[in-house]
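Record features (TrEMBL):
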{"type": "DOMAIN", "residues": "B:57-134", "note": "domain 'Peptidase S26'"}
{"type": "ACT_SITE", "residues": "B:Ser75", "note": "active site"}
{"type": "ACT_SITE", "residues": "B:Lys121", "note": "active site"}
{"type": "DOMAIN", "residues": "B:146-186", "note": "domain 'Peptidase S26'"}
Amino acid sequence: MSSLWLRCRSVLIWSPMAIMFNNHFYTLKTVSGRSMQPTLNPDSSTSRDTVVFDRFSIRLSGQLARGDIVVFPSPLDPSRMLIKRVLAQEGDTVSTLPPYPAAEVQIPFGHVWVEGDEPFRSSDSNSFGPLPLALIDSKLLFIVFPFSRWGSLAVSSPDRLPHGPIKRLQEAAVERERWRRSRVRLAPGNN
Amino acid sequence: MNRLSDVFFRLKGAPRRVYTGLRDGLRAFRATPFKVAGRVGKNVGLTSLYLVNGAAAVHLFSDYVGNVSPMQGPSMLPTLAIDGEYVIENIIGHRLNPSNISRGDLITFRSPHYHHRIVCKRVVGLAGDIVCVDPTGLKFPSSVHVLVPKGHIWVAGDNAALSIDSRDYGPLSTALIRGKLFARVWPPRDAVIFRNPTTYIE
């Protein structure tokens, strides 16, 4: 009994460090929803993706690049967390997709443009406009579960791959990336 | 000191403690001065770990419950001075009840322009309100009005001439809000609990 109490007490005493690590460095989360398909939660996978998210590089150094996948509370409903891909950073000009009122938008200071990989089921910057960097909670590092999908999501060059479904998936990812980039005009001096 | 004197006695062939068994023999065989150094190192490590843990606890408290923080900048004159004032920021109230925000409250939030900075402004409009973008006409003609969208509020500094607020970055998402200003504690002669000054004209 007393040893159980001692164990609980030591867990309690050291919990601030654990919570700090989780809040400011790295955290594990399970992604639900289809808006990042087929990059995350693809139909071929039987379970939802569990992913390591990096809070450290967002909060402390503010490092973010076009193409990063980020997590943030929805600006329209803070209780919902969204996961989207960064398309453009401040100063860039983006060609928007339908729900957005203007055809082109220049990203204001301190903001980014985010979109889901699945353009039809996604509530993203096309519905709520540029996203303040201050809202971004973390960025995706790598998938840890399911184990068959273990690893980072970097798109490798499909040229070296043997013919087969993996090559076709990679080719589709490269094509999507090319399409994303074609819609963004980079800010001057930022190539 | 005790340990060192142990060594001394053992070297003289007069141990103060009788070592028996293999384990004790090994313990006696190990050079005791090294052991003392190891113990000191371990204590330093553990102490610094406790210090880091304590700092983490303080930081978590100030992130989740509330804190006393200095205020800087001219944007909230005359409510808050440019420099040298300390206020209590109430964070747990907003965490427990995020919808409890009314027009006239002093709130703190992460700046949409500089994401490291936490700023304080006054709430002017809630979601669904139609607000005049700039009644002073400094940044926009005073005839421009906007509808505050869902999940957003409209914030403004009390000193319109020197304030960066919703006139610059538009409606503020409520997800950026951190807490409310509860009271000013320093300087003591200006100590005050902030009350909402809004009056509604029927």
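Placement of Cβ uses the backbone N, Cα and C atoms for every residue, glycine included.
If you measure from the Cα atom of B:Lys121 (active site) to that of B:Ser75 (active site), you get 8 Å. Residue counts for the domain 'Peptidase S26' (B:57-134) by DSSP state, with H, G and I taken as helix and E and B as strand, are 13 helix, 28 strand, 37 coil. Taking the Cβ of B:Ser75 (active site) as reference, residues of its chain lying under 8 Å away and at least six apart in sequence are, in sequence order, B:Val119, B:Lys121, B:Gly157, B:Asp158, B:Asn159, B:Leu162, B:Ser163, B:Ile164, B:Asp165. Residues in the domain 'Peptidase S26' (B:146-186) partition by DSSP class (helix H, G, I; strand E, B; coil) as 10 helix, 19 strand, 12 coil.
If you draw a 10 Å sphere around the CB of B:Lys121 (active site), it holds 24 other CB atoms from the protein chains shown.
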